[in-house]
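Undergrad: A single structure is presented below for examination.
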């Protein structure tokens, strides 16, 4: 039945079976290979290199001094006149200096050369030589004072004793190892200049107790002669 432009459908016409849709082949979906990578990347990519790390204040090395960072690096003979060139030779502990002093009193053991072959120092030789200078000057002054007192003469302090002592001991600990180094270098004998300075510097320690003993002997002789004991 039609009413106007609309068509009515009878319920009887809808009865029956719906034709089955024929099966078609299952559709296959192909996925392209992914170029994604894990994050963060395991290695350096692009322009990012190993040098692009965290800032220096982000790790423990910030508090550690970097060698050569505080002073300009100079090569050749100019490096000899810098303070940084002599810093390693003064980096010793008190226990190291005392141990080397004891070893210098027993030179036939050979332990002193073994300990200073790879790590020679100039701290001990400098202070041993400086102490010896003042001890020798003081004892020389004391001896002249005793000699003048025994003869009842006036005594004046002589400052030249310190100058002569400094020239003698500093010259000995510097010139003698330098000449020996040149001789050993000429004969192609293995020897280090700083090690020779260290050896001759520590060898002067034995003269300090020797001078003190000599001063004690002079003082005792003066007491005995004065009181006629």
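Cβ coordinates are placed from backbone N, Cα and C, and glycine is handled just like the others.
TrEMBL entries are annotated by machine, without manual review.
Annotated compositional bias 'Polar residues' per TrEMBL: 1-16, 31-40, 64-74, in sequence order. TrEMBL lists 110-221 with the feature domain 'Yip1'. Look at TrEMBL and you will find 1-74 tagged as region 'Disordered'. Per TrEMBL, transmembrane segment is recorded for 125-147, 159-184, 204-224.
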Undergrad: Find the average pLDDT over the domain 'Yip1' (110-221) in the predicted model and report it.
TA: 88
Undergrad: How many helix, strand and coil residues does the domain 'Yip1' (110-221) contain under DSSP?
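TA: The breakdown for the domain 'Yip1' (110-221) reads 90 helix, 0 strand, 22 coil.
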